[in-house]
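Annotated Ca(2+) binding site per TrEMBL: 21, 23, 32, in sequence order. Residues or ranges marked as transmembrane segment by TrEMBL: 33-51, 63-83, 120-137, 172-192, 207-227. Residues or ranges marked as Zn(2+) binding site in TrEMBL: 80, 206, 210.
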């Protein structure tokens, strides 16, 4: 949206995407204040997941997955704080890399040719980053991202129906609920932006999308950690910090420690 009159430290807005938030309303250093700070919960949730993965010695893929969530959130903060075209890639490219990593984590247990999948996904991710640096895809990028997300659905559903643990199945329900609510917030912010800009208080739909997707990623990661622990025979259980916040505990056989 239009600048609020405060001078911009980063210069004119050059990004191809702007959200429904008044630019530089609170600081000359932060273009979209709420869209920037709303990534902080995403970073904290990914950090909690990373600590749990390291503490219980999960496979490195899960540590990388949590780190990728943090990188995505940091990239999003950089983009929304500056609204510069060159930094837009720091938000969009990690989105694609993260989904490629999810595809690996979800499908690799049943993939018979172990080196082909990570090699292909790495080349695909690197090629996308290079091409996307020079070409701004716009709507094509969004369609491409949605397709990558949809590719994860069949295997997530398979894991869900194979899981008997009620607490673990609840993680999937929370995952679906957060992505549904987050998508509604994103669409509401995009479709009704002109009306929202005239409200006394802007509900900040895109910022809510960030927060909800932070929880969405955490629930997805926790469920996948549970499923992988089951595959490895680690007797996983879903515990709750303060009786509310879910995380996975495991009991590895001594020979696997």
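Cβ atoms here come from the backbone N, Cα and C positions, even for glycine.
Any TrEMBL annotation is an automated prediction that lacks curation.
Tertiary neighbourhood of the transmembrane segment (207-227): same-chain residues 21, 34-35, 37-39, 41-43, 45-46, 48-49, 52-53, 58, 62, 65-66, 69, 73, 76, 102, 105-106, 156, 159, 163, 165, 168, 171-172, 174-175, 178-179, 181-183, 185-186, 189, 236, 238, 246-248, selected by CB-CB distance under 8 Å and a gap of 6+ residues from either end. In sequence order, 19, 20, 21, 34, 35, 38, 185, 186, 189 constitute the residues six or more apart from residue 206 (Zn(2+) binding site) in its chain with CB-CB distances below 8 Å. Sorted by the number of other CB atoms within 10 A, the binding-site residues 21, 32 start with 21, the lowest. Residues 80, 206, 210 make up the record's Zn(2+) site, and a Cβ search at 8 Å around their centroid adds 19, 21, 32, 34, 35, 36, 38, 39, 76, 207, 209 from the same chain.
Each of the binding-site residues 23, 80 was scored by the number of other CB atoms within 10 A of its CB, and the lowest score belongs to 23. For residue 210 (Zn(2+) binding site), the same-chain residues lying six or more positions away in sequence with a CB closer than 8 A to its CB are 35, 38, 39, 41, 42, 73, 76.
Rounded to the nearest whole angstrom, the C-alpha distance between residue 80 (Zn(2+) binding site) and residue 32 (Ca(2+) binding site) is 5.
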